[in-house]
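J.: Take this structure first; my questions come after.
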Amino acid sequence: MAAPSQTLVSYSGSSSEDDNDVKLDRNGKKRTCSDEHGSIVKKQKVKSLPEKGIIEKNDRLPLPDNIKAMFQDQKESQDIPEEHDGRIRSFPHERGIWATYVYIPFNPDEQFLYLINELQACLPGGLNVKVVDDFHVSLSRTVVLRHHWIDSFVTTLRDKLHCAVSFTCQFGELEVYTNDEKTRSFLGLKVQHGFKILCSLVENVDNTLEEFHLQKYYKNPSFHMSVLWALGDITQEVTPKIRASLDKILSSYMEDCPHIFTVQVRQVHCQTGNKKFTVPLDDR
């Protein structure tokens, strides 16, 4: 006859046992506690709770706000020219490195925009010329600035320009420009009045750049405001005949509405990443 089957009780891997769970029978052997129905109660392994003030290994400390700020305003992205009308970065994207430049803003009125549209229509369609995103006069190249330098850079720039006064800037003839890499061309309006003051502003901006070991502006700058742009170098495509047509349109607008070519400069802007800082000029 087969021996009666025995019920095996499996305990947790703990080396110690609670006196409430295990009792001795009258022969001195251990026996398992049963509930009121006689069923065996298995010992449950209880996960110990951490003591107050103790952080478990899997918990992570939150990042400080000043570290988060380095990356929250500027998304990490690949350089995809198709998403920017074919434009290519002058330098590779890198976290914590912000494209920065100093400039004078220009807010066009309706008549000025009519002028730009006529100039655009005068250029060959194959060049795929576009209107610039924003109108401004550059006072620096586009340089790369580390995030933790931004506040110090802007403070230094404001200190250098604290004596600069507001002035009148006037635009005149047209000129075709290219960037340093020859990847883009621009049709710009050259500055006719205010050149010396612009040179003084650039000198102060250069002094700021030099303190941060950044590249200064061109030695012999041609101050201008870009109004149209195209991919590649189109200087040869803008023939003398086309230039004559452009000049004719410009002359007509300068005669009929000369005020659109003049701007009162009261502040300088510094753009770094998607942050914009304003440096007011003394309005004496």
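Quick reminder: no glycine exception, Cβ is built from N, Cα and C everywhere.
Predicted automatically and left uncurated, TrEMBL annotations should be read as such.
Quick caveat, the model's predicted, so the values are computed rather than measured.
Sharing the record's features from TrEMBL:
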type	residues	note
ACT_SITE	HIS136	active site, proton donor/acceptor
ACT_SITE	HIS224	active site, proton donor/acceptor
COMPBIAS	1-15	compositional bias 'Polar residues'
COMPBIAS	21-39	compositional bias 'Basic and acidic residues'
REGION	1-44	region 'Disordered'
J.: What does the structure give for the C-alpha distance between HIS136 (active site, proton donor/acceptor) and HIS224 (active site, proton donor/acceptor)? Integer Å is fine.
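T.: HIS224 (active site, proton donor/acceptor) has its Cα 8 Å from the Cα of HIS136 (active site, proton donor/acceptor).
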J.: Could you tally the C-beta atoms, other than its own, that fall within 10 angstroms of the C-beta of HIS136 (active site, proton donor/acceptor)?
T.: 18
J.: Residues with Cβ closer than 8 Å to the Cβ of HIS224 (active site, proton donor/acceptor), same chain and 6+ apart in sequence?
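T.: Result: VAL137, PHE171, GLU175, TYR177, GLY188, LEU189, LYS190, VAL191.
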